[in-house]
Amino acid sequence: MSQSYSSSQRVSSYRRTFGGGTSPVFPRASFGSRGSGSSVTSRVYQVSRTSAVPTLSTFRTTRVTPLRTYQSAYQGAGELLDFSLADAMNQEFLQTRTNEKVELQELNDRFANYIEKVRFLEQQNALMVAEVNRLRGKEPTRVAEMYEEELRELRRQVDALTGQRARVEVERDNLLDDLQKLKQRLQEEIQLKEEAENNLAAFRADVDAATLARIDLERRIESLQEEIAFLKKVHEEEIRELQAQLQEQHIQVEMDISKPDLTAALRDIRAQYESIAAKNIAEAEEWYKSKVSDLTQAANKNNDALRQAKQEMLEYRHQIQSYTCEIDALKGTNDSLMRQMREMEERFAGEAGGYQDTIARLEEEIRHLKDEMARHLREYQDLLNVKMALDVEIATYRKLLEGEENRISIPMHQTFASALNFRETSPDQRGSEVHTKKTVMIKTIETRDGEVVSEATQQQHEVL
């Protein structure tokens, strides 16, 4: 807005001074006392966009303006010049010139400020580019390699722990199989023990039966002995009675010789009874001895079986105790292994959770670094856009300055030509041409996901 206002003031001042419409545009010229030309160089920036990335193009323009025409025209006038009108016009022109110098000084100050600002922004841009290059070359690769190495180490640890856990599980399964076999053997030994106890109970019943039979036989022997003693006593009493009767009847026997001999009969009877008693006693003793021998043999057999059963029972009891101790030891080992397995599972779960947290934290840091890089790239792009805008504004001010110089030089030439009413065309003026050399620099920056993928710079030279 201020630029347009200054430009309108300058145009209106020239209209007031020289009249007419807008001043024509001529190449930039400089006045000098000697007839030599001067060259003025200006830089025009052209902004073009390629692939959504702004680029900056610079046009360097060189203009050569002859200056001998004004000097020749002024010298060729001679004494015909009339300065009465020129003095009045020069006063107003000097006033306008002074105002324009003040405005040009302000423009120069603003231009210097813009140059300082551009230099500062270029320094900041260089710092940001260096920071982006440092972050691009340092952080992502090194952090990624470090994290990948740590992840590989964690995976190796997890694989080792998994193999160790598999070995522990195999050992646990083997111990469970051994424990199952021992339990099966224990059941078999318990069954054998029960069978031995049943046999022992049967043997005890046989021993009890044999003992009862022996007691019964002993009782029968005692009864037979008592019966034999009773029979002996009865026999003796009968013999005494018979002897008494024989003594009482002795006389009668003697007197009666023809009667049978009772003594011989009694002896025969006694002999018969004694033989019968002896036979019964012998049979009873033989039967008793046979029974006693049978019972003794049966008792010996039962005692041997009982001792064998007791010995087997002691062996089984020792085996049961040893198996019980072994089962208790295996149970303790199994409990310790299960406890170790639970502790290892808990530790592995905690380590896995820590590793997951570390991975999440590292991924978050990577995302943060990518966001920082994207932010730096956006800031770099914004600074580049600001720089291009400032370059465009500087080029605009330069055009305005050149336009002011051209506008100042052209009215003076017209004033001298109208006052002198003289027009001359010098060979230098006829031969002078405006040569424009344009250099186009195209800088292409390709970005992808906030990261700079490639940069390319291209220059084109054209002569107009």
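Heads up, the Cβ atoms here are built off N, Cα and C, so glycines get one too.
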Seminar exercise, completed: The candidate from SER7, SER12, SER432 that Swiss-Prot records as phosphoserine is SER7
Exercise. According to Swiss-Prot, which residue out of SER23, SER426 bears the annotation phosphoserine?
Worked result: SER23
For this session: Could you break down the residues of the region 'Coil 2A' (261-279) into DSSP helix, strand and coil, giving a count for each?
Result: 18 helix, 0 strand, 1 coil
Seminar exercise, completed: Residue counts for the region 'Coil 2B' (288-404) under DSSP, helix then strand then coil, are 117 helix, 0 strand, 0 coil
Exercise. With every protein chain in view, how many other Cβ atoms are within 10 Å of the Cβ of GLU346 (site 'Stutter')?
Worked result: 10
For this session: Check the domain 'IF rod' (100-408) for me and report the mean pLDDT.
Result: 80
